[in-house]
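K.L.:
A single structure is presented below for examination.
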Amino acid sequence: MTTLQEKIIQELGVLPTIDPKEEVRKSIDFLKAYLTKHPFLKTFVLGISGGQDSTLAGRLAQLAMTEMREETGDMSYQFIAIRLPYGEQADEADAQAALAFIQPDVSLRVDIKPAVDAMVGSLENAGVQISDFNKGNMKARQRMITQYAVAGENAGAVIGTDHAAENVTAFFTKYGDGGADILPLFRLNKRQGKALLKELGAPEALYLKIPTADLEDDKPLVADEVALGVTYDAIDDYLEGKKVSETDQQTIENWYKKGQHKRHLPITIFDDFWK
């Protein structure tokens, strides 16, 4: 009988070991194949935070676009990187370091604070009080609104940064950073993503940085591992089919079950995964 761990590994396509160079090539070719199949698409759009995931996805996207231009002679193929801070970002230096590494064709900066604060104000005027946690999700959704707005004006597709360690724990905002058109990191766990950045020659600080969602005003820069109650090493071991402690296994599988709704399109009468 298949265990839940085995089911999750199969579902997310995680391999116990990888060749980083091969996986880099696989992701770039995947992005290029999508563009070739959809010739009306000319850009990829991605928000760059300064964290491991957007840095990796951004560099892969830029490499794919560079190759598309070289192979087709079509100079309209462009990667658009967007900085999407809420006001002043505490780790802005990391974001700038990521952009310097990615070297995007186009770099934009859009402050989401006015839009988020205006919506919070409108809701409060209507008698709806917004918690800090809920406001954090609004920030994530405003970032996705912005990316799709830019993509819509530039014949673009939005790249998502979802990977296996994030997906299994559903550690993303529904219709926020969970909303995207294409996921070049899907199948990789956290340490494998780190290995790809090393292969690509990224500065060490960009892949050794402590991962954080940094969405809540009252709890700035809270580490993902603190919020999840489990380390990425344990999550990665689990996804590679290794034995982890009973506590870690239970925590990971509880997050997986709790977040099932995030992995599905809106529920219809024919869906039964939630029962």
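The backbone N, Cα and C atoms fix where each Cβ goes, and this holds for glycine too.
Feature list, courtesy of Swiss-Prot:
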type	residues	note
BINDING	Gly47, Ile48, Ser49, Gly50, Gly51, Gln52, Asp53, Ser54, Thr161, Lys190, Thr212	ATP binding site
BINDING	Asp53, Glu166	Mg(2+) binding site
BINDING	Arg141, Lys174, Asp181, His261, Lys262	deamido-NAD(+) binding site
K.L.:
Rounded to a whole angstrom, what is the C-alpha distance between Thr161 (ATP binding site) and His261 (deamido-NAD(+) binding site)?
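P.N.:
If we compare the Cα positions of Thr161 (ATP binding site) and His261 (deamido-NAD(+) binding site), the gap is 18 Å.
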K.L.:
My understanding is the cutoff is Cβ-Cβ under 8 Å with a sequence separation of 6 or more in the same chain; which residues meet that for Lys262 (deamido-NAD(+) binding site)?
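P.N.:
The answer is Ala170, Phe172, Lys174, Gly178.
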K.L.:
Take the C-alpha atoms of Arg141 (deamido-NAD(+) binding site) and Asp53 (ATP binding site) and report the distance between them in angstrom, rounded.
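P.N.:
Arg141 (deamido-NAD(+) binding site) and Asp53 (ATP binding site) have their Cα atoms 18 Å apart.
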K.L.:
When neighbour density is defined as the number of other C-beta atoms within 10 angstroms of a residue's C-beta, which of the binding-site residues Thr161, Thr212 has the lowest density?
P.N.:
Thr212
K.L.:
What are the non-local neighbours of Glu166 (Mg(2+) binding site), defined as same-chain residues 6+ apart in sequence with CB under 8 A from its CB?
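P.N.:
Spatial neighbours, sequence-distant, of Glu166 (Mg(2+) binding site): Asp53, Phe172.
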K.L.:
Going along the chain, which residues six or more apart from Gly51 (ATP binding site) have their CB under 8 A from its CB?
P.N.:
Asp94, Ala98, Lys209, Pro211, Thr212
K.L.:
With DSSP assignments reduced to helix, strand and coil, which class does Lys174 (deamido-NAD(+) binding site) get?
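P.N.:
In three-state terms, Lys174 (deamido-NAD(+) binding site) counts as coil.
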K.L.:
Find, among the binding-site residues listed as Arg141, Lys174, the one whose Cβ has the highest number of other Cβ atoms within 10 Å in the structure shown.
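P.N.:
The residue with the most neighbouring Cβ atoms within 10 Å is Arg141.
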K.L.:
Please give me the CB contact count at 10 A for Asp181 (deamido-NAD(+) binding site), counting all chains in the structure.
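P.N.:
Taking all protein chains shown, Asp181 (deamido-NAD(+) binding site) has 17 Cβ neighbours within 10 Å.
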K.L.:
Per 10 Å Cβ neighbour count, which of the binding-site residues Gly47, Ser49, Asp53, His261 ranks highest?
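P.N.:
That would be Gly47, with the highest Cβ count within 10 Å.
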K.L.:
Give the helix, strand or coil assignment DSSP yields for Gly47 (ATP binding site).
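P.N.:
In three-state terms, Gly47 (ATP binding site) counts as strand.
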K.L.:
Fill in the CA-CA distance, Asp181 (deamido-NAD(+) binding site) to Gly47 (ATP binding site), as an integer in Å.
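P.N.:
Distance between the two Cα atoms comes out at 13 Å.
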K.L.:
Among residues Arg141, Lys174, Asp181, His261, Lys262 annotated as binding deamido-NAD(+), what is the maximum Cα-Cα distance? Answer in Å.
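P.N.:
Largest pairwise Cα separation, rounded: 18 Å.
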K.L.:
Rounded to whole angstrom, what's the largest C-alpha distance between any two of Gly47, Ile48, Ser49, Gly50, Gly51, Gln52, Asp53, Ser54, Thr161, Lys190, Thr212, listed as binding ATP?
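P.N.:
If we measure all Cα pairs in Gly47, Ile48, Ser49, Gly50, Gly51, Gln52, Asp53, Ser54, Thr161, Lys190, Thr212, the largest is 19 Å.
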